[in-house]
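The next block holds one structure in the form of structure tokens; read it before the comments.
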Ligand SMILES: Cc1cc2nc3c(=O)[nH]c(=O)nc-3n(C[C@H](O)[C@H](O)[C@H](O)COP(=O)(O)O)c2cc1C
């Protein structure tokens, strides 16, 4: 099967410069931000989507998509229900891997590292930016818990919608908030012809970062 890269033009992998290994030793953030911005400018749906991998109590990996809602030197922030499967897994084993794939650009980035909950004020500030419908949806769902039917779920939404009908600012759901993945390694992958792809692994050290090229 052939990968369908973006047609001709500036997005074509063939016209993109090779990854600058030396520049990546100055830090992983600028290039990750650039690739995400590129995907966003091209109109790719959910350009901040990343597949988050955790492990369960048996060591069985689990993965799902979440949205990266904060990107700084400290790490990558996503928001979720603290009672969800992923959150329970992270509480027990606070390490994660997250992969962005922008297939149209032949770009992939994988971040791995320890995970912490963000400060409640950070969650509160983000919560205020969420649309009311998303806030109500968060109140209505005990994420990852079984429920008997779609009708039961809809009834839960109707109940919270009525409960907050006279309330301008829907309060933060108790047990909902952010996690930050603090990168220990960040791998950049850039597709090239004949499987001769570029890969650069950026690794945290005591004093900064080192970047090394990996074979494809
Ligand atoms: C594009 C996309 C974005 C998503 N973003 C989030 C998110 O930011 N936070 C979240 O909790 N779930 C998000 N989800 C849903 C998760 O993939 C997942 O179904 C849910 O969090 C429950 O996962 P868990 O049972 O492993 O905790 C998203 C799904 C998709 C497809």
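Cβ coordinates are placed from backbone N, Cα and C, and glycine is handled just like the others.
Fair warning: this is a prediction, and the values are worked out from it, not measured in the lab.
The domain 'Pyridoxamine 5'-phosphate oxidase N-terminal' feature in TrEMBL is assigned to 36-162.
Annotation comment: TrEMBL describes 64, 65, 66, 67, 68, 69, 79, 80, 86, 108, 143, 144, 189, 199 as FMN binding site. Of all the Cβ atoms in the protein chains shown, 17 others lie within 10 Å of the Cβ of residue 143 (FMN binding site).
Secondary structure from DSSP puts residue 69 (substrate binding site) in coil. Under a cutoff of 8 A between CB atoms, and with a sequence separation of 6+ in the same chain, the neighbours of residue 69 (substrate binding site) are 48, 77, 78, 79, 126, 178. Among the features that TrEMBL reports, substrate binding site is placed at 69, 126, 130, 134, 195, 196, 197.
If you look up TrEMBL, you'll see 176-216 marked as domain 'Pyridoxine 5'-phosphate oxidase dimerisation C-terminal'. Broken down by DSSP into helix, strand and coil, the domain 'Pyridoxine 5'-phosphate oxidase dimerisation C-terminal' (176-216) contains 3 helix, 25 strand, 13 coil.
Using a 10 Å radius centred on the Cβ of residue 196 (substrate binding site) and all shown protein chains, the other Cβ atoms total 9.
Ligand 1 lies under 6 Å from the Cβ of 64, 66, 86, out of the binding-site residues 64, 66, 68, 86, 134, 196. Residues 3, 5, 13-14, 16, 18-19, 21-22, 24-28, 31-32, 35, 69-70, 74-82, 87, 90, 96, 98, 106-118, 120, 122-123, 126-127, 138 of the same chain sit 6 or more residues outside the domain 'Pyridoxine 5'-phosphate oxidase dimerisation C-terminal' (176-216) yet have a Cβ under 8 Å from a Cβ within it.
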